[in-house]
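Worksheet for the structure shown next.
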Amino acid sequence: MVLTLLKAKPERKLAKQICKVVLDHFEKQYSKELGDAWNTVRDILTAPSCWQYAVLLNRFNYPFELEKDLHLKGYHSLLQGSLPYYPKSMKCYLSRTPHRMPSERHQIGNLKKYYLLNAASLLPVLALELRDGEKVLDLCAAPGGKSLALLQCAYPGYLHCNEYDSLRLRWLRQTLESFIPQPLVNVIKVSELDGREMGDAQPETFDKVLVDAPCSNDRSWLFSSDSQKAACRISQRRNLPLLQMELLRSAIKALRPGGLLVYSTCTLSKAENQDVISEVLNSYSNIMPVDIKEMARTCSRDFTFAPTGQECGLLVIPDKGKAWGPMYVAKLKKSWTT
């Protein structure tokens, strides 16, 4: 899910807020899965003063003056022109330092000019290769950052934003209201359906489907304030791959033959990433992996990637000066034959 992070407090104070139960659990798992890279990842994830913030400009209320100011402050644009399907209409600026823009307040009737996010969150959106007029489903859409980014890329014929959690659904609605002009709202549907039922409700409807699945959100879990709740989360963590698989089954049903599906999480966990995608590929003869390695090569200036062992999957890991992620992205295609 997209992270709009709170302003970093002095590290000395934040160190007390790290949840030891979660850190110990991650230490055991990720030191095995990531090897030596885990040491750097851990240092960044546990130090919010190192976190970086990307600025996604809103093309529906374009901030020309802000764009000039970002250039003067040393920000650079993400991937501009380097991917064959990078849309010129999407402008996102990154800084190599943890400088953070102030957030804009929500005002009814006024569109916001920019959205703060973890830059790695844009990779699943770019992987979808959205084009004007296409029907697209964002199955687990709250808080709305990826839906917003999709609308910076193209004008879909129909965008269905679904969110099962009622509190997060309100957040999603507010994000869309804050950034998207009224005429475009007419091509957007917001629903509160259990994502596992979407495939039966709308079979073979969508050209593109994004499944930004509920996951072990590594960044936020590390700062769980309630250690009992954290322990409960960890014990329930083993159930997440089953939920993720059920969401993918539903997404595959909702996708038309020839359509693209992108799966993403904001966890490092192999069980929720590569293993889920391997199970999908082993279970469906009509779902094909789409090679995504070119994206990793193109993005290496701004992101650090860990090996996934999959041509269709990328894993962004936080690194010094590139504190983006965690973000896993996998790209699949539904073939015409079953």
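First residue shown is number 1, and so on along the chain.
Just so you know, glycine gets a Cβ as well, placed from its N, Cα and C.
Annotations in TrEMBL come from automatic prediction, not curation.
Some features that TrEMBL has for this protein:
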- 45-335: domain 'SAM-dependent MTase RsmB/NOP-type' (DOMAIN)
- CYS140, ALA141, ALA142, PRO143, GLY144, GLY145, LYS146, GLU163, ASP194, ASP212: S-adenosyl-L-methionine binding site (BINDING)
- CYS266: active site, nucleophile (ACT_SITE)
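Within 10 Å of the Cβ of GLY144 (S-adenosyl-L-methionine binding site) there are 27 other Cβ atoms, across all protein chains. Here the Cβ of CYS266 (active site, nucleophile) has 24 other Cβ atoms within 10 Å, regardless of which shown protein chain they belong to.
Neighbour density for ALA142 (S-adenosyl-L-methionine binding site): within 10 A of its CB lie 27 other CB atoms from the protein chains shown. Across the residues annotated as binding S-adenosyl-L-methionine (CYS140, ALA141, ALA142, PRO143, GLY144, GLY145, LYS146, GLU163, ASP194, ASP212), the widest Cα-Cα separation comes to 20 Å.
Summarising the environment of CYS140 (S-adenosyl-L-methionine binding site), the number of other Cβ atoms within 10 Å of its Cβ, over all protein chains shown, is 24.
It is 20 Å from the Cα atom of ASP194 (S-adenosyl-L-methionine binding site) to that of the residue listed as 'active site, nucleophile'. Cβ neighbour count within 10 Å across all protein chains ranks LYS146 highest among the binding-site residues LYS146, ASP194.
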